[in-house]
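Asks: Next up is a structure, given as structure tokens.
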Amino acid sequence: MTQTPNTPLGQYLDAAKTPISPELNRLILAMAASCAELSDIIGTSSLNNLQGALEQENVQGEVQKKLDVLSNELFIQPERWHGTVAGIASEEMDTLVPVDADGDYLLIFDPVDGSSNLDVNGTVGTIFSILDAPKAGDLSEADFLRPGTEQVAGGYVLYGPETLMVVTFGQGVAVFGYHRHKNEWLLIRDQVQIPATTREFAINMSNHRHWDAPVQRYIDECVAGKDGARGKDFNMRWLASMVGDVHRIITRGGIFMYPTDRRESGKNGKLRVLYEANPIAFLIEQAGGAAVNGPERILSQTPQKLHQRTGVILGSREEVERVQAYYTEA
Ligand code: AHM
Ligand code: MG
């Protein structure tokens with residue numbers, strides 16, 4: 001069932017085709033409210049001296065920005081989650097944070113993805129994934145190490161010219177806009193579908209010499225355009241913010257790639273399974289697209305650790321399948 005544009009988020013959740021539990025409903029509303037708050041913080045960050053880096057690194061050796069830390073602190077406040085969340089894991093924390101033993105869900109997120117864009121007022125986003133919490137016992141990291149097929153919800157909030165939330169509960173993809181003056185999230189598009197083919201790719205071209213042969217072959221064929229094997233011209237876009245690049249694909253199709261490569265630092269990929277690749281792959285599949293790590297489906301991987309990385313190739317189905325075939329043939 002497609003719902004009518006301008007439907008408020010709460011009403012949308014109440015009318016879902018397959019009922020959404022009251023706890024998940026509250027959790028999503030709390031996530032939306034938290035992201036609206038973060039949108040205001042990001043939207044005034046230069047004015048409030050919240051730009052720039054801190055002299056500290058996260059567990060993955062990345063220098064943290066002031067807003068990486070501040071947004072993480074905002075999202076881990078237990079009172080936000082109204083007893084719905086048993087535990088939290090985030091890009092910015094070494095290990096999990098237990099929240100409420102009775103909570104039904106695990107919440108995993110990247111509070112500000114694409115944070116190198118913060119300094120230049122470029123697009124950034126929050127990515128989130130929700131899993132069922134284990135029924136009993138003390139929470140451990142192992143409870144989070146589950147394949148993406150087990151997600152009960154996944155989504156992102158994009159902080160661009162507009163603040164948008166794109167979410168799935170496994171019954172299609174919906175896009176909401178945050179109406180600042182009304183302080184309300186309103187439906188923009190429901191049951192979004194990505195075109196199966198595209199003429200647009202997104203990849204950091206400066207890494208060309210490091211890529212594996214299947215990726216070089218695919219991109220070289222795109223760049224060769226009409227005169228090459230593909231017989232058509234391609235265009236390139238790269239925002240250096242996964243949420244921004246993926247939102248373009250959700251809107252008009254395309255292929256996004258951050259593949260594994262031959263460097264020591266690139267052999268496992270750059271993006272993380274649990275809070276980047278999985279929720280985005282869930283959205284893309286629900287919108288009729290495909291998402292692979294190279295040879296395999298992203299959602300079928302079982303991560304061995306919280307901050308595990310993966311290759312990411314996703315978007316318009318026929319293009320993703322073509323790259324996947326190049327991997328299998330190689
Ligand atoms: P981050 O989580 O540290 O912000 O890194 C993830 C980001 C993605 O949003 C984006 O697609 C990619 O890293 C950009 O990488 P690069 O700087 O190599 O272009
Ligand atoms: Mg990130």
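If you go along the chain as it appears here, the first residue is 1 and each next one adds 1.
Here the Cβ of each residue, glycine as well, is placed from N, Cα and C on the backbone.
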Asks: Out of Lys232, Lys267, Lys270, which does TrEMBL tie to the same substrate site as Asp113, Gly114, Ser115, Ser116, Asn204?
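Replies: So the substrate site in TrEMBL includes Asp113, Gly114, Ser115, Ser116, Asn204 plus, from the candidates Lys232, Lys267, Lys270, Lys270.
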Asks: Of Glu91, Glu92, which does TrEMBL put in the Mg(2+) 1 site with Asp110, Val112?
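Replies: For Mg(2+) 1, TrEMBL names Asp110, Val112; of Glu91, Glu92, the listed one is Glu91.
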Asks: Kindly point out which candidate in Glu221, Glu264, Glu276 is recorded by TrEMBL as part of the Mg(2+) 2 site with Asp110, Asp113.
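Replies: As annotated by TrEMBL, Asp110, Asp113 share the Mg(2+) 2 site with Glu276, chosen from Glu221, Glu264, Glu276.
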Asks: Is any of Asp110, Gly114, Ser116, Asn204, Lys270 (binding-site residues) within Cβ reach of ligand 2, i.e. under 6 A, and which?
Replies: Asp110
Asks: Can you give me the residues near the recorded Mg(2+) 1 site, meaning same chain, not Glu91, Asp110, Val112 themselves, Cβ no more than 8 Å from the center of the site's Cβ atoms?
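Replies: The surrounding set, listed in chain order, is Asp68, Ser71, Asn72, Ser90, Glu92, Phe109, Pro111, Asp113, Ser115, Thr126, Ile127, Tyr275, Glu276.
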Asks: Within the chain of Asn204 (substrate binding site), which residues six or more apart in sequence place their C-beta under 8 angstroms from its C-beta?
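Replies: Result: Trp238, Ala240, Tyr258.
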Asks: Measuring Cα to Cα, how far is Val112 (Mg(2+) 1 binding site) from Glu276 (Mg(2+) 2 binding site) in Å?
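Replies: Computed Cα spacing between Val112 (Mg(2+) 1 binding site) and Glu276 (Mg(2+) 2 binding site) is 11 Å.
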Asks: Checking the contact step here: among the binding-site residues Glu91, Asp110, Gly114, Ser115, Ser116, which have a Cα within 10 Å of the Cα of Glu276 (Mg(2+) 2 binding site)?
Replies: Glu91, Asp110
Asks: Secondary structure at Glu91 (Mg(2+) 1 binding site) (DSSP, helix/strand/coil)?
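Replies: Looking at the DSSP assignment, Glu91 (Mg(2+) 1 binding site) belongs to neither helix nor strand, so coil.
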Asks: Do you know offhand how many angstrom separate Glu91 (Mg(2+) 1 binding site) and Asp113 (Mg(2+) 2 binding site) by C-alpha?
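Replies: Cα to Cα, Glu91 (Mg(2+) 1 binding site) and Asp113 (Mg(2+) 2 binding site) are separated by 9 Å.
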